Ligand code: AHG
Ligand code: MN
Ligand code: MN
């Protein structure tokens, strides 16, 4: 029988497994790299806490919600929250000594911090606010990040570390701003989730080595684009409609849709359209980091024709179609797309 004292010990131990401690444990030692990555993740967590705090009070403050009136490099209208969160990440990493380049959805060119650039430093790629259409209606949002080893000179945003395949990611993950704030990350040693305990101001471990179910009943896609897709994607969705047991879930923020799929299984799709064959999602700071998380959890991510990790980016803001989730569901979508070719 477990005694009350043992239970208390267990609860205390869990409360003490903070994110930075967990990263150190992942590397089973205190090597320089383990220390760096732990410090780096601590900064990502700080950015998450700042964004979460801002979001939680957004409706109470003047001038925080709505559009700035600007259009970003993607041709999308920028929200004040996008700018705030983008600046939070810059501010957090400026004097960190850890990150040499920051590249984000909201910046045409990477933000370069020369004093942080001795050999062995890192590059951070991020989507500061994912699902920004949810901002003004108090719905779930996310931030996505990927860590790479700094490599090569940055010539017009074309440094080697920026324009290489997904397997060059050292770590990746997301922060989900939902009813609670969660952080999910991988450093190539499984996928782990943390919940922000507001009373401690710390992300506390909630689940280690998360495994995505091999199949699931959720399909998550914007069916408003039905007639813009290629016929094979339409055929897949018709198949889902005809087959008993599927449920549609689509929130407008892929971080929350993919988090649901990580936990419960299923598939998220953002296929290309006839007008935009590459779709909407950006490879380097949306698709590839989420692919890393899902692959580490035992799932798959593909464009429908090739593994997301095999896509060689030609430019920083490159887009790719994305089909991601449980391996059986992803294989089913692929079979429709490849049979249509
Ligand atoms: P972002 O807010 O960073 O531009 O990303 C939004 C993405 C993704 O999170 C979401 O699933 C998708 O765009 C929604 O797009 P549609 O409105 O076209 O479905
Ligand atoms: Mn996004
Ligand atoms: Mn975004």
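Cβ coordinates are placed from backbone N, Cα and C, and glycine is handled just like the others.
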Checklist outcome for this item: Out of 6, 278, 286, TrEMBL lists as part of the Mg(2+) 2 site with 127, 130 the residue 286
Next on the checklist: The substrate site in TrEMBL lists 130, 131, 132, 133, 222, 250. Which one of 160, 168, 189, 280 belongs there according to the record?
Outcome noted: 280
Item to check | Same-site residue for Mg(2+) 1 (record: TrEMBL; known: 127, 129; options: 105, 106, 151) | outcome: 105
Checklist outcome for this item: If you measure between the CA atoms of residue 129 (Mg(2+) 1 binding site) and residue 286 (Mg(2+) 2 binding site) and round to the nearest Å, you get 11
Checklist entry - Can you list which of these binding-site residues (127, 130, 133, 286) have a Cβ closer than 6 Å to ligand 2? => result 127, 130, 286
Checklist entry - Which site among 132, 133, 222 has the most other CB atoms no more than 10 Å from its CB, taking these as binding-site residues? => result 132
Next on the checklist: For ligand 3, list the binding-site residues among 127, 130, 280, 286 whose CB atom is within a distance below 6 Å of it, in sequence order.
Outcome noted: 127, 130
Item to check | Per-state residue totals over the domain 'Fructose-1-6-bisphosphatase class 1 C-terminal' (212-337) - DSSP helix, strand, coil | outcome: 57 helix, 20 strand, 49 coil
Next on the checklist: To the nearest Å, how far is the Cα of residue 105 (Mg(2+) 1 binding site) from the Cα of residue 286 (Mg(2+) 2 binding site)?
Outcome noted: 9
